[in-house]
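S.K.: The active site annotation in Swiss-Prot covers His107. Taken from Swiss-Prot, the feature NADP(+) binding site applies to Tyr24, Gly25, Ser26, Gln27, Arg47, Ser50, Ser52, Asp82, Gln83, Asn84, Gln85, Gly133. Look at Swiss-Prot and you will find Asp190, Glu194 tagged as Mg(2+) 1 binding site, backed by sequence analysis. What Swiss-Prot records for Asp190, Glu226, Glu230 is Mg(2+) 2 binding site, and it gives sequence analysis as the kind of evidence. Taken from Swiss-Prot, the feature substrate binding site covers Ser251. According to Swiss-Prot, the domain 'KARI N-terminal Rossmann' annotation covers 1-181. Residues or ranges marked as domain 'KARI C-terminal knotted' in Swiss-Prot: 182-327.
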Amino acid sequence: MNVYYEKDADLAYLQGKKIAVLGYGSQGHAHSLNLHESGLNVRVGLRPESASCAKAREAGLEVTSVAEATKWADIVMVLLPDQNQKAVYEAEIAPNLEPGNTLAFGHGFNIHYKQIVPASSVNVIMIAPKSPGHLVRRTYTEGNGVPCLIAVHQDPTGEAKQQALAWAKALGGTKAGVIETNFKNETETDLFGEQAVLCGGSAELIKAGFETLVEAGYPEELAYFECMHELKLIVDLYYEGGLSRMNYSVSDTAEYGGMTRGPRLITPAVKAEMKKILEEVQDGRFAKEFIDECNGGYQNLSKLRESNSNHAIEKVGAKLRNMMSWLIKK
């Protein structure tokens, strides 16, 4: 894969351009402020009733409606929730785009699954920092940055890749490294990781471990500590140095037990189910299911949220976290 750094990106491809960032959430605030402080001409596009309008203005940014920001801009970055992007695009973005404009995204979902199909006269790019927005912002203010992905979907002007690299540089990303990919690979790996490992797999593993201990007669408090609370300690070791760092850092007892018992849990049958989940991402079945869920008023998701919130691990966890001074907001 191609990896780019400071010397490979030139802010000149954005200087003199009018840039609209649509959304001011986790990523939106980081993109807006980092580009603004990199000397670029940035406006934020929001719904007039959005509570984020005041926050953006307090940060020194100019705020207008989504339609006005798009009409004004040469480059439009869409950082709205996936499920909202299609409707906003059709109503407020598409009518205000002109040939030669650039449409940018932080995630490939709507382009890859053809929920949004821009005119062929418009550049379509992606700049995706591989961290939460607060870390994108913090590392920038410290003079550093986080690794980013870039991709080009359409390039009628011949400058799409250079614009994506310049954007990543303005975020601070070229100080860490910018990896070139495509919308398909970014979208499919992102969704699979969320479903099979990060959000789906890990949550179910935690609940199953907690339930196993409680059903065997152990106190809920101990089950919580062993199956939920201490997970952060292990994940931090993975994050800092991979599997080897974790195995080096834990006791020999933990290392041996994990290496000999772990494969009994994550069996070939589990991996086969992972492949099925990946296939549903690849062929669009998950995307269709999620879009239908959103259009239907989140009925299934609402039930799942309620079930999760009522799980015993949530109740004992809330009680135990009150004992942890570092978690109590002052």
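Any Cβ shown, glycine's included, is placed from N, Cα and C.
Source: prediction; values computed, not measured.
Where in this structure would I find these features, and how exposed are they?
M.R.: Its Cβ taken as reference, His107 (active site) is surrounded by 21 other Cβ atoms within 10 Å in the chains shown. Secondary structure at His107 (active site), taken from DSSP and collapsed to helix, strand or coil, is coil.
For Arg47 (NADP(+) binding site), the number of other Cβ atoms no farther than 10 Å from its own Cβ, over all displayed protein chains, is 14.
Following the DSSP three-state reduction, the secondary structure of Asp190 (Mg(2+) 1 binding site) is helix. Counting only residues at least six positions away in the same chain, the Cβ atoms of His107, Gly108 sit under 8 Å from the Cβ of Asp190 (Mg(2+) 1 binding site).
The Cβ of Glu230 (Mg(2+) 2 binding site) has 11 neighbouring Cβ atoms from other residues within 10 Å, across all protein chains displayed.
Residues within less than 8 Å, Cβ to Cβ, of Ser251 (substrate binding site) and separated from it by at least 6 positions along the same chain comprise none.
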S.K.: Whole-number Å distance between the CA of Tyr24 (NADP(+) binding site) and the CA of Glu226 (Mg(2+) 2 binding site)?
M.R.: 37
S.K.: Reduced to three states, what secondary structure does DSSP give Gln85 (NADP(+) binding site)?
M.R.: helix
S.K.: Specify the nearest of the binding-site residues Glu194, Glu226, Glu230 to Ser26 (NADP(+) binding site), where nearness means the distance between Cα atoms.
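M.R.: Nearest listed residue in space: Glu194.
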S.K.: Counting each residue once, how many in the domain 'KARI C-terminal knotted' (182-327) are helix, strand and coil under DSSP?
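M.R.: Breakdown, helix to coil: 124 helix, 0 strand, 22 coil.
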